[in-house]
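Report on the following structure.
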Amino acid sequence: MDPTFPRVVFFSNEFPSDDLKDLFRRLHQQSKDRRFKLLSIFLEESTAILKDEVAKLPRPLKELVPPFDSVLALANVDFRQGPLGAAMESSMLTILELGMFIGHYEAEDAEWDLVPSRTVLAGLSIGILAAAAVALSSSLADVAKNGAEGVRVSFRLGVYVADISTKLESPQPDGTLSSWAHVVTETTQAGVQDELDQFNADTQSPELTKVFVSAADKTSVSVSGPPSRIKAAFQHSPALRYSKSLPLPVYDGLCHASHLYTQNDIDAVINSAESVIQPNRSVRLALLSSQTGKPFAARTARELFLEIGTELLTGTIYLDNVTAGIVEHFQLDSETSGKCQIDSFRTSLVLRGIYSTVEAKFTKEQQQLIRRDLVCWVHKDFGPRRPHSHASSKLAIVGMACRLPGGANDLDLFWKLLEEGRDTHTTVPPDRFDLNTHYDPTGKTENATQTPFGNFIDRPGYFDAGFFNMSPREAEQTDPMQRLALVTAYEAMEMAGVVPGRTPSTHPSRIGTFYGQASDDWRELNASQNISTYAVPGGERAFANGRINYFFKFSGPSFNLDTACSSGLAAVQAACSALWAGEADTVIAGGLNVITDPDNYCGLGNAHFLSKTGQCKVWDKDADGYCRADGIGSVVIKRLEDAEADNDNILAVVLGARTNHSAEAISITHPHAGAQRANYRQVLHQAGVNPVDVSYIELHGTGTQAGDAVESESVSDVFAPVTPRRRPDQRLYLGAVKSNIGHGEAAAGIASLLKALLVYQKNMIPMHIGIKSEINPTIPKDLERRNVGLAMENTPWPRPAGKKRLAVVNSFGAHGGNTTLLLEDAPERVKAQSTEDRITHPVLISAKSKKSLQANMESLLSYLDQHPETSLADLAYTTSSRRMHHSMRFGTAVSCIPALQKALRSQLCNPNFASEMRPIPNEAPSVVLAFTGQGAYYSGMGRELFIEFPYFRAQVQQLDRLAQRLGFPSVVPVIDGSIEDSPASPILTQLSVVILEIALARFWSLLGVSISAVIGHSLGEYAALAVAGVISAADALYLVGRRAQLVEERCTPGSHSMLSVRASEDAIQEMLASEPETAAIAYEVSCCNTYQDTVIGGLKDEINNIRMALEAKSIKCTLLDVPYAFHTAQMDSILDGLEALAMPVPFKAPSIPVLSPLLATAVFDVKSFNANYLRRATRETVDFAAAIEAAQDMGLVDTKTIWVDVGPHPICAGLVRGMIPSASVVSSCRRNEDSIATISKSLVTLHLAGLTPFWAEFFRPRECEYSLLHLPKYRWNETDYWIPYIGTWTLDKAHLKHGTKPTPFSLSMSRPSALRTSLVHQITAETVEATTATLHTISDMQHPDFLEAIHGHTMNKCGVATSSIWSDMAFTVGEYLYRRLVPNVKDVHMNLADVEVLHAQVAGKTKGSVQPLVLQAHLDLSTNSMSLAWFNADGETGECAAESFATATVRFEDPVAWKKEWARLTHLVRGRIEALEQRAAEGKASRLSKPLAYALFKNVVDYADRYRGMDSVVLDELEAMAEVTLVPERHGTWHTPPHWIDSVSHLAGLVMNGSDASNTRDYFFVTPGCDSFRLLNKLEPGVRYRSYVRMFPLPEDPNMHGGDVYILQGEEIVGMVGMIRFRRVPRLLMDRFFSPPTTTSVAGPAPPVAAATAKGHNVIPTTPAVPTPAPAIATSNPIVNSAIAYKTPESTPPLAPSSESSTPKESPIATPPESERADPMDNMVSQCLRLMARETGLEVEALTGDASFVQLGVDSLMSLVLSEKFRAELGVEIKSSLFLECPTIGEMTAWIEEYC
C-alpha cells in the first residue's frame, strides 16, 4: 500500500457479523503457520495475560472460567449471562481486532506502512483500547507486544464495570439479561436530556442511579442507567415511551458515566504498575478521542491509557465528532495524493455513516476513498502450513515419593541407604514364590529361575483401601503396582502442596498422569488364580494411572508406557513433552515394578540378562548381568513459571528430555554408543548447554559387560571429550543407583531420577558400591585424564556461588530405547520480606480414618518437637492452603507453636479421643448469614481485614466511593480506625455498619462459604437485602444514609431510649401491670430477639422507670447506648419521607431466601419487599425470634445449620443460640479482638463442621512470604492385601495344552422391527398361533424418546418412569398382538388391569450407555386377556433378569358394558364435582391455579411442561377435581402419549402429596399400581376434560390409601382408573428410592422392599405385612433397581470388622462441629443402639452382641430407615448394605467403634 495516502484505521466497538467462533478458529489455525509468527506471539501473549488476570480474580469469579490454553477455548464459551460477560467480550474483541490487524500485514507480507504524519487511528468504546496498542507501535512486532496491554486493560475494565454496576442494581435472579442502554432515534440530545432530568427529579433518584445520556449523534441518543430505572424512565415520559427506541446489547453495566466514576476508579482499572508496556513509551500515531474527535493529548503510554480510561468510564461518545475528526484528517492530507483510505474490520452501521459523510465531502473535491477490510485475509488458503517450533519452558520438579528396596519407603530412608552405601539384594522372599521348587541353577527345570536373587520392597501388599474408596475385594484383586502408584502419587502431591483447583495450573482438567510399567506379574500370576470382578481394572496396565486420574478427578491426559527398562524415565520424558506441548499444566509421572512371577525370572535368565551371583556390579570386571528389583516412584512436574507462581518448593529444574532408538545396533537388545551420543547432544542442544558444564551423571549402569562399556564410551565422548578438555575444577562425577538397589526395570529410571534429586537436595554425591573387585577393563582408560570418574566415597557437591549445577540422568531400554534428562539447580528463592502481623493462625490435620488422624497428629507433634524453630505462619499455610482435606479433622487457631503442641497433646492424651472423633457430614451444612444492627458500632471495626486483604479493602473502598458519590461522608476512617472511637453521627454510624457488613458478606463468599439464607436485625436488614439481591448495594447505602439524615432532621436525640430486658414480652407486660405505679407507663416492644430477650423503647424517663421496676424484681436490664429509639413512635416523623425515598428503588426477588423479622417468615417472592416494607421495618417490631422459628418450621435451618454473625460484634450470635441452643455460630469481627484472629477461628469452626473454605484465598495476600514446609507424610491405615502364589503351576503348565473360550453373547438393537414406537424399540421374539400369540420386545431407556418421556417426571432430581409409560407400552403391544390374531377388528378396547410395579425405573446418568428393558407378553383369545411382564436386561450381555420388575394384565372388553357401568355413576360424580365447586366458592375448599398445583407437586415430583395438563384444581382434604387440557404435541410415536395419560389421571397423586390431610413434611406417597385403567375413546388434544377422585384409607393396611379416578368429557365419564393405591413412605428414604443406577448388571432377586410406578405420583416401595429376613444380596441401591444389582458370591463371607481389618465397603464420611459432639461417656455405640432400639421397637437390652439383624426383624426396609436415621441424627453416613456385611449387633458395634 502506498504510504503516501492519508489513512484512518478504525477499531469498532462491535464484533464483525461473521460467525465469531469460526473467525477465532481461523485466526487460531492461521497462527500455527510460520508465516504468521507475530500473530502467534500476540495470541500467546494474550492467552498468558488473560490467564494472569483470571488468576487474580476472586475465586467465585475465577471458577466461572474453564481452564484454557488458547483464546480459542474462551471464544467457544458463552459468558454473557455471568458476571464476566463484559470482561470476556471486551478482551475477545480486542484480541480479534488486533489479531486481524497483525494477520493482515503478515498475510500480505507487507511492510509497516503507518506513517505518523499521514495516519490517524480512531475507535469507539472498547475499540479504542485496540487502537491504543497500535498507536504505541512503530512496527508490527510492537503491536504483537503492546496488544497484550490492550487485552489486559479491556478485561480489567469489564470486570470492574460489572462489579460496580451490580452494586447499583442486582442481576435478575433467574439470570435473564437486561440492557443497561437504549438507543432513541429521530430525536435530539437536548430533548432526551430534558425528559431524563424531569424523571430523575420527579422520582428523586440518587445521583448514582440516575438515567443519563451516554452517547449521541445528529440522529440518535443512547440512554444509559440501571435497567429498572431505564424502564421506569420510559414509562414516566410519554415522549420516550412513544419514541423509536431499541435496547442495546449492553448487559453488564455502565460506562461513560461521569457521575459514577472518579479518578480512583480509573487508576484501579488501568493499574499502570502492572502494565506490560514501559509507561514512558512514546505515542507514535495519533488516536482520536470518541468524545471530542481530536487526538488524545497524551505523549506516553501511561498518559494514553489513563486518558482512554477516563473517556471510557466518564466521557460521553459523540460520533459526529469522530466523523468530523476523520474528515479533517483527510482534508489536511489528501490534496497531494488525491486518495484516502479507511481500514476497518468489516463494516457496521456506524462505519457506513462515516463512509457516507466522507464520500459526500470528497465527491465534490474529486477525491477517491479506498476501503480496506482487515478481516478478509483470514479466509484465504495460504497453501501447506509450516508450523512454529515447540514451546521451550523450563520445567520444575516439585514433589516426589517412593517405595524402594531395602526398606526405603520414603525419601529420607532412601537417602540414608545411599549415604551408607548399602546393598539391598536378597534371595527371593517366600511370599513371592518358593525358591525350593522354582530355582534350578542348572537350567534343566523348565520354567524355573536360574538365579535366586533380587531387591524387594517391604510389605508390598499393605494398602489403605478405605482411603482410596476401594472395597477389600477390589483392593486384593488390584495389582500392588497400581495401589502403590496411588499411594506415591498422593505422597508426591502432598510434598508438592498440590491441592487440585487451588491454582490455574492445578485445575483437575489440566493435570495428567504418565507411568511406565513393563510387566503384569500380579494379573498373570497372583490374581489369575481366582479371576473375579476386578480382574481387568485391577490388572490391566492402563488402570494404573487411570485409577489415579479417576480417584483425584483429573481429566488431563493419562498414559501408561512400556519401553522396557526405560519405562519410568520415558514416562517422565513423555510427561515433560505434554507440558511443553501445552497438553497439561501439572503432570504426575513415575515407574512401577513389583516382582511376583517366576516366569519372568526364567525368561530373563534364559536370555542372559540376569546375574547369577547377586547384585548389579556396575563397571566391575566381573559384571555378569543385572539383579532384578521392585520399585515404585512418582514425581510431580510443572512448568517453572507455574511452579514459581504457585509458590512451590522446586527440587530441580528440567532443561531438556529426549528419547531416541538404537536403530543401528547389532541386535535389538544390544546398546549403541552412537544413538546414546546423539540423544545426549539433542538434549544439550534443546537446552543450549555446554556439555562440559555438566558435573554429575546418573548412569543407566546395569552391570552388564556390553551395557557398561557402551555407556561409558558415549558419556565420555560427549561430556568429557579429549578436546576441549575439562578444566581441573570441572570434575564430572558418575554414579549408578543400581549398584545399591538393583535394576527396577520399569522403575529403574525413576529411581535414578529420585537419587539425582536427592543429590541436589543434599549437596552430596553418595558413594558408588558397584565395583566389587576392580574396574571393568572395557571402560575407557583415559577417564581420569578427562577429569571423569565414579564417586567412590560420599563426595560433597556444593552449589557454586551465582551458578547452577547441571546433571544428567540416563535410562536405556532393552528394546533399544534411550532416554536422557538434563537437570539444573532450582532458582535460588529469595523469600519476600515478611510483614506478617497476623497473630492467630489456623492449623489443620485431617485423615480418612481415626487411626490415620491420630497418627498424623502424632507425626506433626513429633516434627514440632524436633523442629522447635518452625514458623507458625508457614505451618498454617502448609496445613491449610497446601493440603487436601479429608473427612476426619482436627483443627485449631493458635498464636504460637507451644500452644499448638499443647492442643495436640491434650487431644492425644484424651482417653476418649477415638470415641469422640467424628467424620464430617457427607453434605456440608447450610450456612445462614445474620447481619447485626447499629448497636455494635465502634471505630476500627474490621481494621485488620481492611489492611490485610486487598479484596475486602477493595469492596469497602468501592462501597465507600459510592456513598461519597451519593453525598455522604467517607466511612474508611471508621473501618481503618483512623478516627477516634467517639460518638459519631447516625449517618456515619449506620453507613459504616452497612458497608462493613456487605463487604464482609462478599469476603465470606470469597473464602468459599456458600450462603443458604440471610437474616438482618434492624439496620442489618438493609445489608441482608443487598446481599440477597433484593436491592442493590448503592440503593441500600442511599436508603440507609437518607434515613439517617431524616432521623437527624426530624428526631430529637436523647428524648427516647431503648432497654434490653432478659424476659419475654408477656412477662414484662405482666410484671409492669402488677404494680400500680408502672401499670400505666407507655412503652413499645422494639425487638423480640428471643422468647426471653426483649428490647423495649419509649420516652427516656418512662423507660428509666421501667428499668428500675424490673431490676427491683431481679430482671436483668441493659440500657442501650443509642441516641434514638428505633421501632417506636419516635420514628413516625420519618416514615412518609422514607417510603417516598424508597418508591423509585427497584425491588427484586431474592436470589437466596431472606428470613424476615418483620413478616416472621422466609421470603422467596418478588412482591413481599417494597417501599412500604422498609417503612414498616423501621417502625414495627423486629421479631427476630419468630423469623428463626419460621425458618425451622419451613426446613430452611436445622440444628446442623451454621450461623455466621456478620457485623462489627457478634450480637446476633447470642440471639441465635437463644433460639437454637445447639446452634453453631461463628463471628466475623469482635470488639477488642484482632479481626483476622476472629476470622481464623471462625474458619476453623466451619472447616470442622464440614465446609472446606478456600484456604488459598485466606493466605493469598501474603503467599509469597510463606514457605511450603516438608512435613511428615500421611500415615496410612494399612491392611495386607496380598494374594500368595500357591503351588507350582507355572512349572506344571509347561506340560499342559491350552483350550479356547466361547465367544461372548453380543446384543444388537439396530435390526429392523415390525413394531417400533418411542417406547417399544425392537421385537426379539414373536410366535403367533391360532388363538394364542407371544411377543418379546426390547427397549432402551436411554433412547432419546424414551429418556425424554422419563425426564418428564423427575423425583429427587432423577428421571423416574411414570406408570403412564407402562400403560402406553401395554396398549401398544396389546393392540399389535390382538390385530395379529384378529386382523379385521375395527377398534380394540383394552382394560389395563392388575398393574403391579415392584421396582422403580430410574434413568441412568451415564452418557452413551444403554439401559435395556424387556417386555414379554402372552395373549390368549380363549380368555380374551394378555399377560405382561417387564424385565431389566444387562446392557453388555443382553441377559434378562430372573424376576420381573412389573406385571399387568390386558383384558379385551366390550366398551358398551363400560358405558352402562359408568352411566350409573355419572350423576354421583357430577354431584361431587358441583359440591367441590360450591365449597371453593364459599372458601371452604382450596382452588389452585395451574402453577400452584404443580408447585405443590414439586414436594415430591417435578413434571415437565408437557405433563402439566391440569389447568385448575379444587382440593378439599382427600377429595379433588381438576380441569384438564391436553397439550397438542404428541412428542413421539405412541398408542396413547404418556403425558396425556398422566395429565388426566395424576390428580390422585396431587391429593396425596399436596393436601393438608396428608403429612407431607415427614412422608411422601407413591403408588404400587391399580386394579384397572380404561379409556372409552382415544384422548384428544385441545378437548377439555375433568378429573375427579376421592381417596380413602384402606382398612387392610394403615399405610395405604386408595380411590377411583374418573375422567369426564363434557358431562359423561369417558375413562377411569380403578382403585389406584398409594403407600406412605418416610421422606428420608427419598434418596434411597430415587437415585440413578450405578452399574449395568442384571438385577438379582428382588429384595422384599420394592419401588413401583403408576399414575398420579408414580413410584412407591411396597413391603410385606410381616417383616421378612433380608435376602443375602448386596446392591448399590436395594430399592430402585434398573437391572442393576450384583449378587454377593456365596463363597464370600460377610465382613467381620476388627482392629486388623480394612474399611468395609462403605466408610462414614462426616465431622460435625465441636458443639454438636456427643458426651464422651455417651459414645457413638450407645447412641446407635438407642436409635436402633427406638426404631425397631425393641428394648436396648435385647440388642446383644450375638443377636443377628435377621432375628431382630431388621429387614431391608428397616435397614434403609436406620441408615438414614444414622445420617440425619448422628451424622454417620453408612449404607444399608452394612447390615448384610456386619450381620450381628456385635460386628456392627465393632465397625462403629473403628470408623465412627
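Every residue, even glycine, has its Cβ placed from backbone N, Cα and C.
As recorded in Swiss-Prot:
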type	residues	note
DOMAIN	392-825	domain 'Ketosynthase family 3 (KS3)'
ACT_SITE	C565	active site, for beta-ketoacyl synthase activity
ACT_SITE	H700	active site, for beta-ketoacyl synthase activity
ACT_SITE	H743	active site, for beta-ketoacyl synthase activity
REGION	1317-1636	region 'Product template (PT) domain'
ACT_SITE	H1353	active site, proton acceptor
ACT_SITE	D1542	active site, proton donor
REGION	1688-1720	region 'Disordered'
MOD_RES	S1756	O-(pantetheine 4'-phosphoryl)serine
Length of the line joining the Cα atoms of H700 (active site, for beta-ketoacyl synthase activity) and H743 (active site, for beta-ketoacyl synthase activity), in Å: 9
Which of H700, H743, H1353, all active-site residues, has a Cβ with the fewest other Cβ atoms inside 10 Å: H1353
Averaged pLDDT, computed only over the residues in the domain 'Ketosynthase family 3 (KS3)' (392-825): 94
Top Cα neighbour of the residue listed as 'active site, proton acceptor' in the set of active-site residues C565, H743, D1542: D1542
Rounded Cα-Cα span from C565 (active site, for beta-ketoacyl synthase activity) to D1542 (active site, proton donor), Å: 66
Number of other Cβ atoms within 10 Å of the Cβ of the residue listed as 'active site, proton donor' across all protein chains: 28
Intrachain C-beta neighbours of C565 (active site, for beta-ketoacyl synthase activity), sequence separation six or more, cut-off 8 angstroms: A518, H700, T702, H743, E745, A746, A748, G749, S811, F812, G813, A814
